[in-house]
Amino acid sequence: MVLSNARLFLENLIKYGILVDPIQVVSLFLKDPYSWPSLCLVILSNVFVLTALHIEKRLAVGTLSERSGSVLHSLNLLTVLCFPALVVLTVSSATPVGALFALLTYTIVFLKLFSFRDVNRWCRERRAKDESAPLGELGTSPAPAKRNSAPGQKTANGDVAESSVSYPANLSYKDLYYFLLAPTLCYELNFPRSPRIRKRFLLRRLIEMLFFTQLIVGLIQQWMVPTIQNSMKPFRDMDYSRIIERLLKLAVPNHFIWLIFFYWLFHSSMNAVAEVLRFGDREFYRDWWNSESVTYFWQNWNIPVHKWCLRHFYVPMIRSGCRRWMARTAVFLLSAFFHEYLVSVPLRMFRLWAFMGMMAQLPLAWFVGKFLQGNYGNAAVWISLIIGQPIAVLMYVHDYYVLNYEGSQ
């Protein structure tokens, strides 16, 4: 495999020469050097963060009713998703890559504030329950509401808390911004903490981040871009044999880049951030490469998102009386929405390829689970990853090219 792909890379160099240009990357984020809409959007996200904190403070002291607080939280969360999308669609100086970075930031803020709202509501419910219980049942006077806060008690993030913080003492700027920076989407009053920052470990992760960033940029410019550019004519002519050939040619570099990006994000970057913050929970992924079913893959390749979906979406739906297949379908619908949101809005075009690709996972999961087991199931998962992503890439690039360039030529 190494020799075969080395030959492909050498063939690429002979045919196109060296196309790597790190300076060109800057133009992906900035169209106008005097206009920074994506960076401004990221900074403005603090407004919604502070709004959520002050709503929770009012709810904690009882100056705001639960119903009013729920309405205000819902409006704030809805604005977190709609405001950046509206800015990206109306401000012409926002580049697709810069817009993607801004929208990804707002999506993370949305998921974190959603969890922040839920956990604090659970704390108030527990506090109200403790206060309403007879003193004889409690044995002592009512205690402040806590959630996974006792030393030695396991948290939902899978480790042991270092110190105890009780509700509502957690409603502080320091606590909330630590959570926003931490590599998790599930809020806790007490996160597991490591005793110190390991400088050598952190240095290795930072070197990996720098190296793999350059490698990804180089592979995209040198390998993927020429292949995608050469795929436009077969798409225009509807030459299916050439389309399939280009698809298979794109699958190899696309999959390499995806694997490298996975390592860069979930191992290097998240561990680096966790080390700086002394964040103790380092389970960012499990052995998804051994997946013998599509369901196992989605449960193990992105643990922070999986935990959020399970805790704040799937389990509440099950408790409300929904059937498991309905809750599972709803989780995929939510994931499909965010995939489409993060692709269509930055590109300023709505084709629903990402949405349909995610929803296609449901029948694929059923088929693999019913008819393929063991290594056959694992092979099906890998084939869907290797072939599925290049199809989506080519569809979006083709539509973006037709929409933005073909008419002007």
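Even glycines carry a Cβ here, placed using N, Cα and C.
Curation plays no part in TrEMBL annotations; they are all automatic predictions.
Through the fold, the transmembrane segment (34-53) approaches residues 72-73, 76, 79-80, 83-84, 87-88, 91, 93-95, 98-99, 101-102, 105-106, 109, 113, 116-117, 171, 173, 176-177, 180 of its own chain, all at least 6 residues removed from its boundaries and within a Cβ separation under 8 Å. Under the heading transmembrane segment, TrEMBL lists 34-53 (among others).
As annotated by TrEMBL, transmembrane segment applies to 74-91 (among others). Note on the transmembrane segment (74-91): residues 35, 37, 41, 44-45, 48, 51-52, 55, 99, 102-103, 106-107, 109-110, 113-114, 117, 341, 345-346, 348 of its chain, located 6 or more positions outside it, place their CB under 8 angstroms from a CB of the stretch.
For 97-116 (among others), the entry in TrEMBL reads transmembrane segment.
The feature region 'Disordered' is assigned by TrEMBL to 133-160.
Sequence annotations record features per position, and here TrEMBL assigns transmembrane segment to 206-225 (among others). Counting residues 6+ beyond its ends, the transmembrane segment (206-225) has Cβ neighbours under 8 Å at 9, 12-13, 16, 18-22, 24-25, 250, 253-254, 256-257, 260-261, 263-264, 267-269, 272 in the same chain.
Per TrEMBL, the feature transmembrane segment maps to 256-277 (among others). Sequence-distant contacts of the transmembrane segment (256-277) (same chain, at least 6 residues past either end, Cβ-Cβ under 8 Å): 5, 178, 181-183, 194, 197-198, 201-202, 205-206, 208-209, 212-213, 215-216, 219-220, 224, 284-285, 301-302, 385, 389.
Look at TrEMBL and you will find 325-344 (among others) tagged as transmembrane segment.
TrEMBL lists His339 with the feature active site.
The transmembrane segment feature in TrEMBL is assigned to 350-368 (among others).
Feature annotation from TrEMBL assigns transmembrane segment to 380-398 (among others).
Taking Cβ-Cβ distances under 8 Å and a sequence gap of 6 or more within the same chain, the neighbours of His339 (active site) are Ala354, Phe355, Gly357, Met358.
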